[in-house]
């Protein structure tokens, strides 16, 4: 299915449609590239659905850490279905069009869920801190009520931070190209198409990135990684406690590394060749603010 490039140069501050390019320069390989994307997407769906089923049906897993894992699994499912189906439609059917409102909705949900994911990782750090430092009070501190409140607070924070984003983009005039050199509607990828100053968008994105990534990482580090693990008396206790945190540390790296690198590339990667920059951003699936 071909798309009309002339539509991408239409004028007006409220474009009716944007065009997602997929991977610039590799259009002829889109069908082959879709194979790993589809395989990983299928594994994400099967893996997270299996995890949710096992946690639900196994009473011994009805514990705080597994409740947080349930939250992460749900977030991962929604995050994937927010962008991957559209990416596959580009690869399979050359369906590059996305409405302006659809683009804003995808942007809002993707970034909101990324912030929510960060909050759940922080909650998991608190869980490990209590488990290591106050094991006898673990069940009384992390009750079901407390976990529910943590989840609601994390959701509220994500929504409040991202509510301004669609409005900041909607106020911009898009009077030139409507072609997004990406597979999804990332905030800065869309904002850079505007024919007006995007300073406010840029500053807001940096503030959110610093506040979310910076503060969450700091609190995670100050929780069990430093206070809980390193404050233990013996090396054997430290290694044992640190071993319980390895999976969590890996999850932290997987989540935060794309956020940091994508934000840097979007704002300071002007000297990087466009085809390389776009492929790197695709690899990180637009995880920047």
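Any Cβ shown, glycine's included, is placed from N, Cα and C.
Among the features that TrEMBL reports, domain 'G-protein coupled receptors family 1 profile' is placed at 47-289. In the predicted model, the domain 'G-protein coupled receptors family 1 profile' (47-289) shows an average pLDDT of 80.
The feature transmembrane segment is assigned by TrEMBL to 29-54 (among others).
Summarising the annotation, TrEMBL assigns transmembrane segment to 66-93 (among others). Long-range contacts of the transmembrane segment (66-93) within its own chain (CB-CB distance under 8 A, at least 6 residues past either end) are made by residues 1, 20, 22, 30-31, 33-34, 37-38, 41, 44-45, 48-49, 51-52, 55, 106, 109-110, 113-114, 116-117, 120-121, 123-124, 127, 144, 147, 151, 154, 183-184, 251, 285-286.
Residues or ranges marked as transmembrane segment in TrEMBL: 105-126 (among others).
The transmembrane segment annotation in TrEMBL covers 138-163 (among others).
Residues or ranges marked as transmembrane segment in TrEMBL: 203-229 (among others).
For 241-265 (among others), the entry in TrEMBL reads transmembrane segment.
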